[in-house]
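Working notes, beginning with the structure itself.
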(Lines of atoms letter the chains of each structure in order from A and count residues from 1; the text may use other names and numbers.)
(Lines give C-alpha, C1' and ligand atoms only; values in the text may rest on other atoms or scores of the structure.)
Protein backbone atom coordinates (compact mmCIF):
# COMPACT_ATOMS: atom_id res chain seq x y z
CA UNK A 1 0.00 0.00 0.00
CA UNK A 2 2.69 2.47 -0.99
CA UNK A 3 2.57 5.04 -3.73
CA UNK A 4 -1.08 4.60 -4.60
CA UNK A 5 -4.25 3.18 -3.06
CA UNK A 6 -7.39 2.72 -5.16
CA UNK A 7 -5.66 4.73 -7.91
CA UNK A 8 -5.17 7.88 -5.80
CA UNK A 9 -1.71 9.47 -5.58
CA UNK A 10 -0.13 9.97 -2.16
CA UNK A 11 -1.05 13.63 -1.62
CA UNK A 12 -4.71 13.01 -2.47
CA UNK A 13 -4.79 10.02 -0.13
CA UNK A 14 -3.54 12.22 2.72
CA UNK A 15 -6.24 14.81 2.02
CA UNK A 16 -8.89 12.07 1.82
CA UNK A 17 -7.67 10.54 5.10
CA UNK A 18 -7.78 13.92 6.85
CA UNK A 19 -11.29 14.57 5.52
CA UNK A 20 -12.58 11.18 6.71
CA UNK A 21 -11.04 11.81 10.13
CA UNK A 22 -12.54 15.31 10.28
CA UNK A 23 -16.10 14.19 9.56
CA UNK A 24 -16.03 10.98 11.60
CA UNK A 25 -14.35 12.60 14.62
CA UNK A 26 -16.96 15.35 14.79
CA UNK A 27 -19.83 12.90 14.33
CA UNK A 28 -18.58 10.47 17.00
CA UNK A 29 -18.56 13.21 19.67
CA UNK A 30 -22.17 14.19 19.04
CA UNK A 31 -23.39 10.61 18.64
CA UNK A 32 -21.71 9.39 21.85
CA UNK A 33 -22.91 12.42 23.83
CA UNK A 34 -26.43 11.78 22.54
CA UNK A 35 -26.21 8.11 23.59
CA UNK A 36 -25.07 9.08 27.10
CA UNK A 37 -27.63 11.88 27.54
CA UNK A 38 -30.62 10.24 25.85
CA UNK A 39 -30.16 6.55 26.67
CA UNK A 40 -27.60 6.34 29.49
CA UNK A 41 -25.74 3.52 27.74
CA UNK A 42 -22.78 2.15 29.79
CA UNK A 43 -19.43 3.64 28.80
CA UNK A 44 -17.13 0.60 28.72
CA UNK A 45 -19.72 -1.48 26.89
CA UNK A 46 -19.98 1.22 24.23
CA UNK A 47 -16.18 1.17 23.97
CA UNK A 48 -16.26 -2.62 23.52
CA UNK A 49 -18.85 -2.25 20.74
CA UNK A 50 -16.50 0.21 19.03
CA UNK A 51 -13.62 -2.27 19.20
CA UNK A 52 -15.68 -5.19 17.90
CA UNK A 53 -17.12 -3.18 14.99
CA UNK A 54 -13.64 -1.86 14.19
CA UNK A 55 -12.23 -5.39 13.98
CA UNK A 56 -15.22 -6.55 11.91
CA UNK A 57 -14.67 -3.68 9.48
CA UNK A 58 -11.01 -4.58 9.15
CA UNK A 59 -11.89 -8.24 8.60
CA UNK A 60 -14.12 -7.21 5.70
CA UNK A 61 -11.33 -4.98 4.35
CA UNK A 62 -8.80 -7.82 4.32
CA UNK A 63 -11.32 -10.14 2.65
CA UNK A 64 -11.66 -7.49 -0.06
CA UNK A 65 -7.85 -7.54 -0.46
CA UNK A 66 -7.57 -3.93 0.71
CA UNK A 67 -4.69 -5.06 2.94
CA UNK A 68 -2.89 -8.29 3.83
CA UNK A 69 -2.77 -9.33 7.52
CA UNK A 70 0.68 -9.74 9.01
CA UNK A 71 1.31 -12.04 11.98
CA UNK A 72 2.40 -10.06 15.03
CA UNK A 73 3.60 -11.32 18.43
CA UNK A 74 1.07 -10.45 21.14
CA UNK A 75 3.73 -9.33 23.61
CA UNK A 76 4.95 -6.68 21.12
CA UNK A 77 1.55 -4.95 20.97
CA UNK A 78 0.16 -5.65 24.45
CA UNK A 79 0.93 -2.20 25.87
CA UNK A 80 -0.44 -0.58 22.72
CA UNK A 81 -3.68 -2.54 23.13
CA UNK A 82 -3.95 -1.50 26.78
CA UNK A 83 -3.33 2.14 25.91
CA UNK A 84 -6.02 1.86 23.21
CA UNK A 85 -8.49 0.75 25.90
CA UNK A 86 -7.53 3.71 28.07
CA UNK A 87 -7.55 6.13 25.16
CA UNK A 88 -11.14 5.33 24.16
CA UNK A 89 -12.54 4.67 27.65
CA UNK A 90 -11.12 7.78 29.35
CA UNK A 91 -12.04 10.12 26.49
CA UNK A 92 -15.59 8.72 26.52
CA UNK A 93 -15.75 9.16 30.31
CA UNK A 94 -14.50 12.72 29.90
CA UNK A 95 -17.24 13.36 27.33
CA UNK A 96 -19.83 11.79 29.64
CA UNK A 97 -18.84 13.90 32.67
CA UNK A 98 -17.90 17.24 31.05
CA UNK A 99 -19.49 19.74 28.73
CA UNK A 100 -18.49 19.25 25.09
CA UNK A 101 -16.48 22.49 25.26
CA UNK A 102 -14.37 21.35 28.22
CA UNK A 103 -14.03 17.85 26.76
CA UNK A 104 -12.81 19.18 23.43
CA UNK A 105 -10.44 21.81 24.83
CA UNK A 106 -8.90 19.32 27.25
CA UNK A 107 -7.91 17.22 24.23
CA UNK A 108 -5.81 20.17 23.03
CA UNK A 109 -3.40 19.40 25.86
CA UNK A 110 -2.45 16.20 24.04
CA UNK A 111 -0.06 18.11 21.79
CA UNK A 112 2.12 19.55 24.59
CA UNK A 113 2.23 16.14 26.26
CA UNK A 114 3.21 14.40 23.00
CA UNK A 115 6.00 16.92 22.44
CA UNK A 116 7.18 16.36 26.02
CA UNK A 117 7.19 12.57 25.53
CA UNK A 118 8.98 12.75 22.18
CA UNK A 119 11.56 15.21 23.53
CA UNK A 120 12.23 13.27 26.73
CA UNK A 121 12.12 9.63 25.61
CA UNK A 122 12.64 9.73 21.84
CA UNK A 123 15.20 12.59 21.78
CA UNK A 124 13.21 14.41 19.12
CA UNK A 125 13.91 18.15 18.91
CA UNK A 126 11.45 21.00 18.36
CA UNK A 127 12.31 24.63 17.63
CA UNK A 128 11.80 27.38 20.22
CA UNK A 129 9.00 28.86 18.10
CA UNK A 130 7.11 25.57 18.13
CA UNK A 131 7.52 25.24 21.90
CA UNK A 132 6.28 28.82 22.48
CA UNK A 133 3.04 28.11 20.60
CA UNK A 134 2.18 25.62 23.34
CA UNK A 135 1.84 28.48 25.84
CA UNK A 136 -1.39 29.99 24.40
CA UNK A 137 -2.78 26.48 23.79
CA UNK A 138 -2.27 25.56 27.44
CA UNK A 139 -3.43 28.95 28.74
CA UNK A 140 -6.64 28.73 26.71
CA UNK A 141 -7.44 25.28 28.08
CA UNK A 142 -6.86 26.47 31.66
CA UNK A 143 -9.05 29.55 31.14
CA UNK A 144 -11.92 27.51 29.73
CA UNK A 145 -11.73 24.88 32.48
CA UNK A 146 -11.51 27.46 35.28
CA UNK A 147 -14.58 29.39 34.12
CA UNK A 148 -16.65 26.36 33.07
CA UNK A 149 -19.86 26.53 35.14
CA UNK A 150 -20.19 22.74 34.81
CA UNK A 151 -16.68 22.12 36.14
CA UNK A 152 -16.43 18.99 38.27
CA UNK A 153 -13.54 17.10 39.84
CA UNK A 154 -14.46 13.70 38.39
CA UNK A 155 -14.69 15.09 34.86
CA UNK A 156 -11.29 16.78 35.30
CA UNK A 157 -9.72 13.52 36.48
CA UNK A 158 -11.07 11.63 33.46
CA UNK A 159 -9.98 14.41 31.10
CA UNK A 160 -6.45 14.41 32.57
CA UNK A 161 -6.14 10.62 32.36
CA UNK A 162 -7.50 10.77 28.83
CA UNK A 163 -4.82 13.28 27.78
CA UNK A 164 -1.98 11.23 29.31
CA UNK A 165 -3.08 7.88 27.87
CA UNK A 166 -4.02 9.33 24.48
CA UNK A 167 -0.60 10.97 24.16
CA UNK A 168 1.18 7.70 24.89
CA UNK A 169 -1.12 5.83 22.53
CA UNK A 170 -0.57 8.18 19.61
CA UNK A 171 3.21 8.20 20.04
CA UNK A 172 3.27 4.40 20.28
CA UNK A 173 1.10 3.97 17.18
CA UNK A 174 3.66 5.73 15.00
CA UNK A 175 6.58 3.98 16.71
CA UNK A 176 5.05 0.50 16.44
CA UNK A 177 4.19 0.87 12.77
CA UNK A 178 7.85 1.63 12.01
CA UNK A 179 9.21 -0.90 14.50
CA UNK A 180 7.07 -3.81 13.25
CA UNK A 181 7.08 -2.68 9.61
CA UNK A 182 3.29 -2.76 9.33
CA UNK A 183 0.72 -0.34 8.01
CA UNK A 184 -2.21 1.11 9.93
CA UNK A 185 -4.69 -1.62 9.02
CA UNK A 186 -2.30 -4.48 9.80
CA UNK A 187 -1.55 -3.10 13.26
CA UNK A 188 -5.15 -2.26 14.14
CA UNK A 189 -6.33 -5.67 12.86
CA UNK A 190 -4.39 -7.44 15.64
CA UNK A 191 -4.66 -4.77 18.28
CA UNK A 192 -8.48 -4.30 18.24
CA UNK A 193 -9.40 -7.88 19.30
CA UNK A 194 -6.69 -7.84 21.96
CA UNK A 195 -8.14 -4.60 23.36
CA UNK A 196 -11.61 -6.19 23.26
CA UNK A 197 -10.36 -9.14 25.31
CA UNK A 198 -8.96 -6.78 27.96
CA UNK A 199 -12.28 -4.95 28.20
CA UNK A 200 -14.31 -8.17 28.40
CA UNK A 201 -12.39 -9.06 31.54
CA UNK A 202 -13.08 -5.81 33.37
CA UNK A 203 -16.55 -4.74 32.20
CA UNK A 204 -18.42 -7.04 34.66
CA UNK A 205 -16.46 -5.43 37.52
CA UNK A 206 -17.39 -1.82 36.67
CA UNK A 207 -20.76 -2.08 34.91
CA UNK A 208 -24.00 -3.99 35.62
CA UNK A 209 -24.86 -6.88 33.35
CA UNK A 210 -28.67 -6.82 33.68
CA UNK A 211 -31.43 -4.40 34.61
CA UNK A 212 -31.72 -0.71 33.75
CA UNK A 213 -28.39 0.58 32.50
CA UNK A 214 -26.96 -2.94 32.25
CA UNK A 215 -25.30 -4.50 29.24
CA UNK A 216 -28.20 -6.90 28.72
CA UNK A 217 -30.81 -4.43 29.93
CA UNK A 218 -34.09 -3.59 28.18
CA UNK A 219 -32.62 -1.31 25.51
CA UNK A 220 -34.95 0.09 22.86
CA UNK A 221 -34.37 -0.51 19.15
CA UNK A 222 -33.44 3.16 18.49
CA UNK A 223 -30.82 2.94 21.26
CA UNK A 224 -29.28 -0.21 19.77
CA UNK A 225 -29.28 1.30 16.28
CA UNK A 226 -27.51 4.42 17.57
CA UNK A 227 -24.94 2.28 19.42
CA UNK A 228 -24.23 0.24 16.28
CA UNK A 229 -23.99 3.38 14.15
CA UNK A 230 -21.60 4.82 16.74
CA UNK A 231 -19.46 1.70 16.29
CA UNK A 232 -19.30 2.18 12.52
CA UNK A 233 -18.25 5.82 12.91
CA UNK A 234 -15.70 4.77 15.55
CA UNK A 235 -14.22 2.35 13.01
CA UNK A 236 -13.67 5.23 10.61
CA UNK A 237 -12.15 7.33 13.41
CA UNK A 238 -9.78 4.58 14.57
CA UNK A 239 -8.69 3.66 11.06
CA UNK A 240 -8.08 7.25 10.03
CA UNK A 241 -6.09 7.95 13.24
CA UNK A 242 -3.78 5.02 12.51
CA UNK A 243 -3.48 5.94 8.86
CA UNK A 244 -2.74 9.64 9.44
CA UNK A 245 -0.17 9.03 12.18
CA UNK A 246 1.51 6.30 10.14
CA UNK A 247 1.76 8.53 7.06
CA UNK A 248 2.51 11.84 8.82
CA UNK A 249 3.19 12.07 12.58
CA UNK A 250 1.43 12.12 15.96
CA UNK A 251 1.95 15.87 16.30
CA UNK A 252 0.57 16.56 12.80
CA UNK A 253 -2.52 14.50 13.60
CA UNK A 254 -3.10 16.42 16.82
CA UNK A 255 -2.65 19.86 15.31
CA UNK A 256 -5.07 18.95 12.53
CA UNK A 257 -7.41 17.60 15.19
CA UNK A 258 -7.46 20.91 17.04
CA UNK A 259 -9.12 22.60 14.09
CA UNK A 260 -12.03 20.22 14.54
CA UNK A 261 -12.70 21.52 18.02
CA UNK A 262 -14.21 24.79 16.68
CA UNK A 263 -17.00 22.94 14.86
CA UNK A 264 -17.46 20.57 17.79
CA UNK A 265 -17.74 23.44 20.27
CA UNK A 266 -20.37 25.20 18.17
CA UNK A 267 -22.32 21.94 17.88
CA UNK A 268 -22.14 21.41 21.65
CA UNK A 269 -23.57 24.84 22.37
CA UNK A 270 -26.35 24.43 19.78
CA UNK A 271 -27.32 20.78 20.36
CA UNK A 272 -26.75 20.35 24.10
CA UNK A 273 -27.14 23.96 25.33
CA UNK A 274 -23.65 24.03 26.83
CA UNK A 275 -23.07 27.42 28.53
CA UNK A 276 -20.36 29.76 27.24
CA UNK A 277 -19.01 32.67 29.29
CA UNK A 278 -16.86 35.52 27.99
CA UNK A 279 -13.77 34.13 29.74
CA UNK A 280 -14.37 30.70 28.17
CA UNK A 281 -14.65 32.35 24.75
CA UNK A 282 -11.30 34.08 25.40
CA UNK A 283 -9.82 30.72 26.33
CA UNK A 284 -11.06 29.20 23.08
CA UNK A 285 -9.61 32.07 21.04
CA UNK A 286 -6.32 31.78 22.93
CA UNK A 287 -6.08 28.07 22.16
CA UNK A 288 -6.99 28.67 18.52
CA UNK A 289 -4.28 31.34 18.26
CA UNK A 290 -1.72 28.82 19.51
CA UNK A 291 -2.93 26.24 17.02
CA UNK A 292 -2.71 28.67 14.09
CA UNK A 293 0.75 29.79 15.19
CA UNK A 294 1.98 26.22 15.47
CA UNK A 295 0.64 25.36 12.02
CA UNK A 296 2.26 28.48 10.50
CA UNK A 297 5.70 27.75 11.98
CA UNK A 298 5.49 24.04 11.18
CA UNK A 299 4.73 24.76 7.54
CA UNK A 300 7.61 27.24 7.37
CA UNK A 301 10.02 24.66 8.80
CA UNK A 302 8.75 22.08 6.34
CA UNK A 303 9.30 24.41 3.37
CA UNK A 304 12.78 25.36 4.64
CA UNK A 305 13.67 21.69 4.93
CA UNK A 306 12.55 21.04 1.36
CA UNK A 307 14.58 24.04 0.14
CA UNK A 308 17.74 22.76 1.85
CA UNK A 309 17.30 19.32 0.30
CA UNK A 310 16.78 20.87 -3.15
CA UNK A 311 19.96 22.94 -2.82
CA UNK A 312 22.16 19.95 -2.01
CA UNK A 313 24.46 18.88 -4.90
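Cβ atoms here come from the backbone N, Cα and C positions, even for glycine.
The shown structure was predicted, so the numbers you read here are calculated from the model rather than taken from an experiment.
Summarising the annotation, TrEMBL assigns transmembrane segment to 14-35 (among others).
Sequence annotations record features per position, and here TrEMBL assigns domain 'Sugar phosphate transporter' to 23-294.
Here TrEMBL flags 41-61 (among others) as transmembrane segment. Beyond the ends of the transmembrane segment (41-61), by six or more residues, the same chain brings 32, 35, 67, 84-85, 88-89, 92-93, 96, 185, 188-189, 192-193, 195-196, 199-200, 202-203, 206-208, 213-215, 219, 223, 227-228, 230-232, 234-235, 238-239 to within a C-beta distance below 8 angstroms of the stretch.
Away from its own ends, the transmembrane segment (77-95) comes close to residues 29, 32-33, 36, 43-44, 46-47, 50-51, 103, 106-107, 155, 158-159, 161-162, 165-166, 168-169, 172-173, 176, 180, 187, 190-192, 194-195, 198-199, 234 of its chain (Cβ-Cβ under 8 Å, at least six residues beyond either end). The feature transmembrane segment is assigned by TrEMBL to 77-95 (among others).
The transmembrane segment annotation in TrEMBL covers 101-118 (among others).
Feature annotation from TrEMBL assigns transmembrane segment to 153-175 (among others).
The transmembrane segment annotation in TrEMBL covers 187-206 (among others).
Using a Cβ-Cβ cut-off under 8 Å and counting only residues 6 or more beyond its ends in the same chain, the transmembrane segment (221-245) has close neighbours at 14, 17-18, 20-21, 24-25, 27-28, 31-32, 34-35, 38-39, 41, 46, 49-50, 52-54, 56-58, 88, 170, 173-174, 177, 183-185, 187-188, 192, 252-253, 256. For 221-245 (among others), the entry in TrEMBL reads transmembrane segment.
If you look up TrEMBL, you'll see 252-272 (among others) marked as transmembrane segment.
With a threshold of 8 Å between CB atoms, the same-chain residues lying at least 6 positions outside the transmembrane segment (187-206) that come near it are 44-45, 47-48, 51-52, 54-55, 58-59, 62, 67, 69, 72, 74, 77-78, 80-82, 84-85, 89, 173, 176-177, 180, 215, 238-239, 242, 246.
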